[in-house]
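Annotated features in Swiss-Prot:
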- 1-21: signal peptide (SIGNAL)
- Cys24-Cys42: disulfide bond (DISULFID)
- Cys35-Cys63: disulfide bond (DISULFID)
- Cys48-Cys52: disulfide bond (DISULFID)
- Cys67-Cys78: disulfide bond (DISULFID)
- Cys79-Cys84: disulfide bond (DISULFID)
Amino acid sequence: MKTLLLTLVVVTIVCLDLAYTRKCYKTHPYKSEPCASGENLCYTKTWCDFRCSQLGKAVELGCAATCPTTKPYEEVTCCSTDDCNRFPNWERPRPRPRGLLSSIMDHP
């Protein structure tokens, strides 16, 4: 009887472990969600677009089976633990002074 009980416990643990899915943050909307079967990596992809100087880099978060390949202007980081791809925490770019205020600040 003890052997049967032990066997059931082992089978349950093995089955639960096989059904595990990675959780990663995803964009649009920004929230943690389970990844599809076979996608065991979380990634963060950043790049500059036409709004980069005002808003900072564009960000894409998601799941992948392999770390995504990058284009020359992109940066990608991959990780393999749950929710390891949080939204990057960087400072928003500050606008440069322009016009009359700029000339007053440049020449005290």
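Numbers here mean position along the shown chain, with the first residue as 1.
Heads up, the Cβ atoms here are built off N, Cα and C, so glycines get one too.
Here the features listed in Swiss-Prot are placed on the structure.
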residue	record	DSSP class
Cys24	disulfide bond	strand
Cys35	disulfide bond	coil
Cys42	disulfide bond	strand
Cys48	disulfide bond	coil
Cys63	disulfide bond	strand
Cys78	disulfide bond	strand
Cys84	disulfide bond	coil
Closest of the disulfide-bonded residues to Cys48 (disulfide bond), Cα to Cα, picking from Cys24, Cys35, Cys42?
Cys42
Using the alpha carbons only, what distance in Å do you get between Cys79 (disulfide bond) and Cys42 (disulfide bond) once rounded?
5
Have a look at the disulfide-bonded residues Cys35, Cys42, Cys52, Cys84 and say which one has the shortest Cα distance to Cys67 (disulfide bond).
Cys42
Considering the disulfide-bonded residues Cys24, Cys35, Cys63, Cys84, which residue's Cβ sits among the greatest number of other Cβ atoms within 10 Å?
Cys24
Using a 10 Å cut-off on Cβ-Cβ distances across all protein chains shown, tell me which of the disulfide-bonded residues (Cys42, Cys67, Cys78, Cys79) has the largest neighbour count.
Cys42
